[in-house]
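Copied over from TrEMBL, here are the features:
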DOMAIN    A:260-478  domain 'ABC transmembrane type-1'
TRANSMEM  A:6-21  transmembrane segment
TRANSMEM  A:41-70  transmembrane segment
TRANSMEM  A:159-180  transmembrane segment
TRANSMEM  A:192-221  transmembrane segment
TRANSMEM  A:264-288  transmembrane segment
TRANSMEM  A:300-321  transmembrane segment
TRANSMEM  A:333-357  transmembrane segment
TRANSMEM  A:390-411  transmembrane segment
TRANSMEM  A:457-482  transmembrane segment
């Protein structure tokens, strides 16, 4: 039975429970809903939730636990001999799963019978050939042991799957009986239902937090792994970034400084574009624009924020880069080697950040009470004096927060850098030279061919961790500033 | 039941500071002020009273062209300050507002220090030649605002940290610092407790010595206590305008009588 059918059956049980629960509650109060503790709808919902929550919780847990159990159970069958040179248990297990899946598909297609698939004495190479003939992807060599493991894998997973379905249905029916029997007119159904809803809300909130923790943990473990094989000081203070991709390692220099420098330099240029333009746009929109202009211009500006960064990357590569080259390149001032440069990426990234700065600042400037403007205008200040001396200082904390958020975006940006700034890690002050950033290097280190346990690949996690700490720090600082000064007026 | 006007001022002998003739105000299609004629005399407190929405605040805001900041607002008629029409095309509303200061209903100190709040106007208008000059203006204004003794030790603390009554007196001192000729007050005590109200009222009475003060108030007792002349507005019309004692003891119009005795409002 497929999972979707199981879920549908449980839902049907739940809906039936809702109707019956509601009816039973009404009956227990003699048909008058005022005799009930809660509204009739809560009695129905109580039965519905008693069916759905435990059953679905069980299914979720089962779906996580069953594959884990099967893996450990089956991998015990794999011997040292099955794991060839340069291979690992993980690879062999992947092969086992592939064969098991191939058997399933072949049976489903009718290429082999179910008995044949389960036959413990089957010849491994013969079976592999049959599977290949049936169009199944079998990559490695199938030994007898692997075939046996695959057959065991199939058998266990089938038993457990059926067991899970039966168990889930039993739990759903049990929940139904439990909820239905509790239903009578003095049962505090509303309180129970609201408590369950609260629990669901809490669970939803914790998913986001748990995911963050999971991300940090996965970064931390790999980062620790990296620092075990690569010295801490050389990473943080090394001035050279030249990973060797030969796979033998040893000759790689993995210095963080040139990448950090590239990141900060590009972000700096991006912010020097975005902050003035964004702020001026915000002042215009909030103080000078008529409501009609504002209602058109603000969404138009925010459209910029919706453009995928890869499109900005194309813009950098095809438009801004060549434009800068004609002025600063070999035919012009001669400062620029190719179209890729810090300036190219910085300018485009700045354009991308304008709506972040302008939209947030606009909201913040609008939040400054009208009384401040009236007070200043009433003293004979002009509009521009009012903006410069009263509105902007009052909005400053929020604006700083907005700028810091934009800065975190700039630091984390990848695509524009890959396409606009080049890939060479370099410590240079010339903004027309190609440089690269931490994020771009994370991509190139992990998408390369290098072994996952080599320092060249693991360094990506150390880079990611450093970046995470930097942007986290900036976000905390931004939140702190915004919060600390939020209620200064009023 | 009402206090008599302070110390028997001779109301008619004073020169006219602001004279309004046939003033009409529209908010979009709404006719908010209908044909109002008022003469406001120098060195005297004039009170505008009337029920909510009667247009008294709107009219007050016409006197220093604060209504210009509202897009849909349109003003017709003549308002003369010292014989010069303030709605004339060659009058700069910014200059006008320096001459006609305003204090608002809710205290609105800027999120700056007490000193900077007061120094804001003088700095903008270039009233001080140097730091010592500015210090002097700040001190003088705070003294006029009757708040100097309370804040002299913390001039550089934020103005928003003061209590409500102190904030309002700070705002009055701020308005006084630009040396206006007329001071408009839009319900200056409505957000204050009785003690702070009493302090502000006392201050208004002192300010009368130097300025022409126009105050909008919901409290008839307050109008009776601080003003020499009172104007009663109702539904956008100026119903009655005259000496405060006259208005409160012997009103001519039946609507005025109904309002001050609490039958309409």
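Every residue gets a Cβ built from N, Cα and C, even glycine.
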Count, for each of A:6-21, A:41-70, A:264-288, A:300-321, A:333-357, the Cβ pairs lying under 8 Å from the transmembrane segment (A:192-221), and report the range with the highest count. A:41-70
Positions on the same chain near the transmembrane segment (A:41-70), where near means CB under 8 A and six or more residues out: 3, 6-7, 10-11, 13-15, 17-22, 24-25, 153, 156-157, 160-161, 164, 167-169, 171-172, 174-176, 178-180, 182-183, 187, 189-190, 192-193, 196, 200
Considering only the recorded stretches A:300-321, A:390-411, A:457-482, state which has the highest number of Cβ pairs under 8 Å to the transmembrane segment (A:264-288). A:390-411
